[in-house]
């Protein structure tokens, strides 16, 4: 594609038109020898994002060496509660937002480069990213999209040709992330903590206009905005729980206003079912354990509510009362979504008797530390008569046989055909997830041997997570004891 076409990309950088206190204007720091590794051509097509023709041009574009014409690179400022402790200034310490790309239908996409160099928010960091975390985010964010989970997306991965130094020298990389925006609860906290409620109002008006313009007609747009963010987060966390996803670092700076999953640093997927599962090496007290994710999301939303109080009502007492009522609504809404998601995993309608069935199944799984993903996937086969793959996952097989009988009674009560129940199960129980050991194997091959074939193969398999792919059966399997990943690291 020639330079003239590339130069007229339809950027409309609305965030850059906000006051300068919201960001630092800064260009990506060039890298020496960029090499394109992956380009998500399917996503580029959906966005109508024009790609250069040669690998060299792609590498220059997605490394940040030659930002597209029309972009206005900047680093966003935000604060955040990290593991419950407030940090008054964080911000994009290694990321640069190129701008907002707008498709012909008017859909707006943030395009951000991670690992693009130092900014004023780098806090003594080098602004770069090692290759490993870039591979992890590419694999997992695209898998999450295919699994039906709201998420940021991966557009490209570039090796920088430079080393970055952590505990050791590692190959560097730049990741291109696409999001509907990068506005976080922590963005609101930055201004509220400085008593800059003019900034909070500007940000709230901007977020409403960008994400939820219909709320401008509400009687109290700011209360409605808080309610909407609570709703999208309730839906998101319920979907995480359905697939056994553990984010690992649910700080307020990693909680989006849009309801998209963002920042895949120490994330992981549950192997053996245990609601207390934690993977992140820095989560010493299990704050962000699998089962705690809903309550942490609500805690984060209470932080957003605190920022919005002066906008919700001029009387502090009335503002608190209204905000509390909205945030308290998160619990029931989450439970409704979670129950529906989990019922779909066993092919039944979300009716009251199913609650006990679900509780019993999870208890049996917990007792056996049965693999979360495989147990649910094999339920469908067991229901149709092939119980062996399911029974192999459990220590006490009589319990699971007894459970299957109860399930069948409830199915009959709901008047659902077995085949229909199994179809529902297979649409909601993935055969393939980015298993932690497979992701680590892909990273090791790339970092140690410059071999990206395992990464590409894993991405290909995860493109169809709900389909049987017999030729890749080994990718369905839980890790062997020697392969098991017990801790994950942010790594950036």
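Backbone N, Cα and C atoms are what each Cβ position is placed from, and that goes for glycine too.
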Swiss-Prot ATP site partner of 91, 93, 94, 114, 126, 127, 184, 263, selected from 108, 177:
177
Across all the protein chains here, work out how many other Cβ atoms are within 10 Å of the Cβ of residue 254 (Mg(2+) binding site).
20
Using C-alpha atoms only, work out the spacing between residue 126 (ATP binding site) and residue 253 (active site, proton acceptor) and round it to an integer in Å.
20
Can you tell me the three-state DSSP label for residue 253 (active site, proton acceptor)?
helix
